[in-house]
Structures are given as C-alpha cells and as structure tokens.
Amino acid sequence: MPEIIRFNPNKQHYGTTTLITGYALCSSLLAVINKFAITKFNYPALLTALQYLTSSFGVWVLAKFNLLHHDPFKFPIAKKFFPAAIVFYLAIFANTNLLRHANVETSIVFRSLTPLLVAVTDTAFRKQPYPAKLTFVSLFIILGGAVGYVVTDKGFTLVAYLWALVYSMTITVEMVYVKHMVMNLGLNTWGFVFYNNLLSLMIAPFFWVLSGECGELFSSVSGGWDWLEPVAFVAVCLSCLFGFLISFFGFAARKAISATAFTVTGVVNKFLTVLINVLIWDKHATPIGLVCLLFTLAGGVLYQQSVTSPKPVASVLARR
C-alpha cells in the first residue's frame with residue numbers, strides 16, 4: 001500500500017524558483033486559453049464554475065488515491081475563509097467578463113496596475129515596510145505604461161473598461177487579503193486550493209442566476225447540442241486543467257513571497273502571453289498599444305530588480 005504523502009503546512013516543500021516558474025507558466029497560458037474558451041463558449045459564469053468544480057473535485061480524487069493530502073473541510077475554517085473566497089470569485093468573474101468584451105492585452109494592463117495598489121494596501125493594512133524609492137519608481141513606470149495603453153486603445157468600450165475597473169479593484173483586495181489568510185489559517189497548500197475552489201463553487205450559482213446567464217444557456221440547450229462545438233469543449237477542458245494547476249502554484253507561491261512580489265510575478269510573465277496572443281490570432285492590441293504594454297511590463301522587471309537582495313542568515317533560519 002503506497003505511503004500517504006502528507007505536508008506540514010509550516011514547512012516549505014518546494015523551491016521558490018519552482019513555484020514561481022510553475023505559476024508564471026500556468027498564468028501565461030491560462031490568459032490566452034481563457035480568452036479562446038470564452039470566445040468559443042460564451043458563458044463566463046458557467047466557465048468559472050466548471051473551473052472551480054474541476055479543481056475542488058480534482059483535489060478530492062487525488063487525496064482518495066493518496067497522491068496528496070489536504071486539510072479536511074470544517075465549517076469553522078470555511079466560515080473564516082468565506083470572505084476571501086467571495087473576493088477571489090469576484091476577481092475571476094470580473095476577469096472572465098473582461099476577456100469576453102476586450103482583448104487579452106487590456107486584461108494584462110489592468111492586472112499590471114495592481115502592484116502599485118497592492119504595495120500601498122500591503123503597507124497600510126498588513127503593516128509591511130514602505131517600498132524603497134526605486135521600487136516606487138518602477139511601480140509608477142507600470143502605471144505610466146498602463147495609462148498610455150488606455151489612451152491609444154482603439155477598441156475602447158465602456159462595458160469592457162467597467163469590468164476592467166472591477167477586476168483591478170477586486171484583484172488588489174484578493175492579493176492582499178488572501179495573503180493574510182494564507183499566513184494565518186494554518187492550512188497546507190492543497191487545503192487552500194480545496195477550500196477556495198469548493199467555496200467559490202458554492203457561490204457560483206448565485207452569480208449564474210444574477211447575471212441572467214442561466215436563461216441564455218437553457219435557451220441554447222433547448223435548441224439541441226449544436227451549441228457545444230468540439231473546439232469549445234476542448235477549450236473549456238484546457239481552461240479547467242490550467243485553472244487547477246494555477247490554483248496550486250498560486251497558493252504555494254503566495255506562501256513563499258510577498259503579496260506585491262507575487263503580483264508583479266503575475267505581471268512579468270505576461271511577456272509570454274503577449275507573444276503567444278500576437279502569434280496565434282488577430283485578437284490583440286495595436287502596435288502602439290503593445291509598446292505601452294511592454295513599457296508596463298518593463299516596469300515589472302525593474303521592480304523585481306529593486307526588491308531582489310540577499311536575505312540575512314537570521315531571517316532565513318527563522319523561516320525554516
């Protein structure tokens with residue numbers, strides 16, 4: 001009988017480089033995959049619900065086969081985690097609707113604004129030290145590139161930018177608040193994946209009805225199964241798979257680095273997203289918009305350089 005793999009929630013089992021690389025790769029591909037999925041399967045609330053179902057059910061099944069260990073579901077813990085799950089759901093729901101009405105680059109630009117907001121929020125609410133001057137310069141470079149993108153965006157629509165605004169605000173709260181939950185609830189990585197996705201799945205039906213999407217879906221289904229094309233099915237499956245993978249790498253990376261560094265990592269890996277998005281189809285920004293976007297991402301690289309420094313030995317030993 002195979003030995004059960006159990007994880008100490010207070011011990012780091014994966015190298016920081018591995019976690020960040022996994023998160024960056026999944027995040028880069030997921031943005032394009034989600035855009036493709038929402039183009040072929042125009043039901044954002046249902047798509048996100050299927051992602052949560054895949055992740056929570058996947059963790060449960062793998063645990064049954066002793067391939068991983070997650071903390072058991074307990075109501076007191078779920079009650080404490082529930083506000084974070086709501087924020088997480090709103091962030092993902094807003095991003096999916098943003099991708100529905102705009103291109104991938106617009107989503108990236110508004111995601112790029114979050115390091116500045118997270119740095120301020122992290123300092124104000126989590127009592128983290130103020131970023132250094134060079135760090136703030138890099139964050140304002142990100143902001144400048146984002147403003148340039150918006151000004152030159154020929155595909156500007158009010159609906160798209162309203163969703164972008166909602167996404168920017170919710171992802172900022174999610175980055176800081178979930179970091180607080182990760183550091184204080186004592187769950188292991190798979191426990192966070194399980195709780196977050198299961199609770200988000202419970203929230204999903206409310207938004208499915210509120211958005212009116214359930215009526216659209218029932219109307220489509222009543223006309224036969226032609227509404228679900230094979231390409232759409234494959235796109236949804238890929239979206240769910242990468243959603244599951246990014247759940248693990250995302251929570252694990254949150255434990256390993258600061259909230260601002262985690263956010264900037266998500267911004268910098270979009271270089272690959274932009275490259276893939278430009279190569280595969282015409283659903284991308286104008287050349288001037290891409291230059292502004294690259295300027296924004298360059299600010300993310302400068303930020304990483306400004307915060308990278310050797311850690312004191314005492315600090316490293318304290319984290320073991």
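Placed from the backbone N, Cα and C atoms, the Cβ positions cover glycine too.
Note: TrEMBL annotation is automatic and uncurated.
Listed in TrEMBL:
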DOMAIN    25-303  domain 'Sugar phosphate transporter'
TRANSMEM  20-38  transmembrane segment
TRANSMEM  50-69  transmembrane segment
TRANSMEM  81-102  transmembrane segment
TRANSMEM  132-152  transmembrane segment
TRANSMEM  158-178  transmembrane segment
TRANSMEM  190-211  transmembrane segment
TRANSMEM  231-252  transmembrane segment
TRANSMEM  259-280  transmembrane segment
TRANSMEM  286-303  transmembrane segment
Could you check whether the transmembrane segment (158-178) and the transmembrane segment (81-102) come into contact, where contact means at least 3 Cβ pairs under 8 Å with the two residues of each pair 6 or more apart in sequence?
yes
Based on Cβ pairs under 8 Å, which of the stretches 20-38, 132-152, 190-211, 231-252 lies most in contact with the transmembrane segment (286-303)?
132-152
Under a Cβ pair cut-off of under 8 Å, which of the recorded stretches 81-102, 132-152, 231-252 contacts the transmembrane segment (20-38) most often?
231-252
Residue list, the transmembrane segment (190-211) vs rest of chain: Cβ under 8 Å, 6 or more residues beyond ends.
7, 9, 44-46, 48-49, 51-53, 55-56, 59-60, 63, 68-71, 73, 77-78, 81-82, 84-86, 88-89, 92-93, 181-182, 247-248, 251
Go through the chain and flag residues at least 6 beyond the ends of the transmembrane segment (231-252) whose CB is under 8 A from any CB in it; none is fine as an answer.
14, 19, 22-23, 26-27, 29-30, 33-34, 36-37, 39-41, 47, 50-55, 58, 182, 189-190, 192-193, 196-197
By a Cβ-Cβ criterion of under 8 Å, what residues six or more beyond either terminus of the transmembrane segment (81-102) are in contact with it?
31, 34-35, 38, 42, 44-45, 47-48, 51, 110, 155, 157, 159-161, 163-164, 166-167, 170-171, 173-174, 177-178, 181, 185, 195-196, 199-200, 203-204, 207
Take the domain 'Sugar phosphate transporter' (25-303) and average the pLDDT across it for me.
81
